[in-house]
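Undergrad: One structure, pasted below without further comment.
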There are 2 protein chains.
Amino acid sequence: MLNDLKNPAPRDCGDCPIRHRAVCARCEADELEKLDQIKYYRSFEAGRTVIWAGDQMDFVGSVVTGIATLTQTMEDGRTQMVGLLLPSDFVGRPGRETAAYDVVAVSDMVMCCFRKGPFEDMIAKTPHIAQRLLEMTLDELDAAREWMLLLGRKTAREKIASFLSILARRNATLNLGQAGGAMSFELPLTREAMADYLGLTLETVSRQISALKKDGVIELQGKRLVNVPDFDRLLDEAGDDSDGGMLS
Amino acid sequence: MLNDLKNPAPRDCGDCPIRHRAVCARCEADELEKLDQIKYYRSFEAGRTVIWAGDQMDFVGSVVTGIATLTQTMEDGRTQMVGLLLPSDFVGRPGRETAAYDVVAVSDMVMCCFRKGPFEDMIAKTPHIAQRLLEMTLDELDAAREWMLLLGRKTAREKIASFLSILARRNATLNLGQAGGAMSFELPLTREAMADYLGLTLETVSRQISALKKDGVIELQGKRLVNVPDFDRLLDEAGDDSDGGMLS
DNA sequence: CGACGGGTTGATTTTATTCAAAGGTTGTGG
DNA sequence: CCACAACCTTTGAATAAAATCAACCCGTCG
């Protein structure tokens, strides 16, 4: 498990691990105070569904710890992941009554939820929140567009390499800032969930991971722990611009 | 050509065809006044590039008339469209120095541009602009996620049918509100641009359009004018939920 | 133990791509 | 006015990539 089974909800915003990255990042003390009055924590076990697409959704919120997925499903069961929610990511859309996507906790997860109505009021009255939400939404849109390139134009091998390099990069920024050298991280998703992320079948995911391993691009310790001896090599396999997709 | 060769720039915001849908939609008279001082119009002929990915971008703006595309290109030339910009759509990202994508005018086009620095100031000081931009960005994110499902999980035939139904629906809302019955519209894109939109090759696009025609799902007058005898049939071919993907 | 939820690997089939040729339009210059 | 070039489109045949169908492995958990 990536997270403690006893997900301890922070006592108050001062202790909050996502205080400076979430939608509240720019809030002053008095604004946090107001948010505090409309917030509550919810915990979800790994595998639990947070909400189904189409259901009434009377809250929005932030992932505090753990990982969740946003997925869309067609009538015949084909599913596509459209979001991978990490700590500090925002869930829900102000101004919308119902959930547009299925939200599922992949690991044990804690969310900091805000009642929707009051939160909408705060957006209108608290520029710091609206600005931060705009910034986060623009970031998500950029990520979605990168993802579209992956889905539309990359080969199965490039898709896997891209996904792994995203995970590796995230891990590097969260921990130490070493790039270019060796790095390792844990796969948070099953083969099936990776397939839903990448628009592939789980068999193809498994085969391409095996192929990358055989070619020495990655090493596996167990099914989930990945070691990347040469990150530049992985980036190369991902087919990304050599500049590492530097934006802004 | 879809548009006049002499794209007449509106004299002032009162005449503007996108006044109530663009980023300025919620602005009061005094706010429009301020925007007016930092705005200027630019016209582009069909085929002209507005900006290349990576270039310095000292403006943001709205499409006033015409159509543009947002595309990403890999080193080896594979390209994926990541945005189709219609009148009122916003171009550029506040807070970013360089363009993240290629922007190309598909038809003759007029943009209402704002100098970036002053516009960023206005976002900070004018909640009406920030709020509208947030709303538009959230809409784009939803569209991007719908597009991800298309790219990742739909067959070539479903992709074409989905694209046609998007165009048909857009045309219906712009003109008359009849759904379910017959409707017709013009294809704004070449087969190649459609292929870039859908993550296909142009040959596959051509074949699938021919197949839909042969099966009576659509009728063609010339290469560009499409007639849809039964919109529900088209929706069915698109593999979308029967409720027509109603959001919000 | 036995069932179950992942995961891997192989054989076959399907789908879309690639390579190739040719038909239509449009616009330009002789 | 015609010829030709450039671009867009269609269609066919061969190929490649990923999906599908199927078997089996390996831990974990009741």
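Each residue, glycine too, has its Cβ placed from N, Cα and C.
Because TrEMBL annotations are produced automatically, they should be read as predictions rather than curated entries.
As annotated in TrEMBL:
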- A:23-140: domain 'Cyclic nucleotide-binding' (DOMAIN)
- A:154-232: domain 'HTH crp-type' (DOMAIN)
Undergrad: Per-residue pLDDT averaged over the domain 'HTH crp-type' (A:154-232) comes to what?
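TA: 92, rounded to a whole number.
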Undergrad: Can you count helix, strand and coil residues in the domain 'Cyclic nucleotide-binding' (A:23-140) using DSSP?
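TA: Helix (H, G, I), strand (E, B), coil: 34 helix, 44 strand, 40 coil.
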Undergrad: From the DSSP assignment alone, can you count helix, strand and coil residues within the domain 'HTH crp-type' (A:154-232)?
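TA: Result for the domain 'HTH crp-type' (A:154-232), in helix, strand, coil order: 42 helix, 11 strand, 26 coil.
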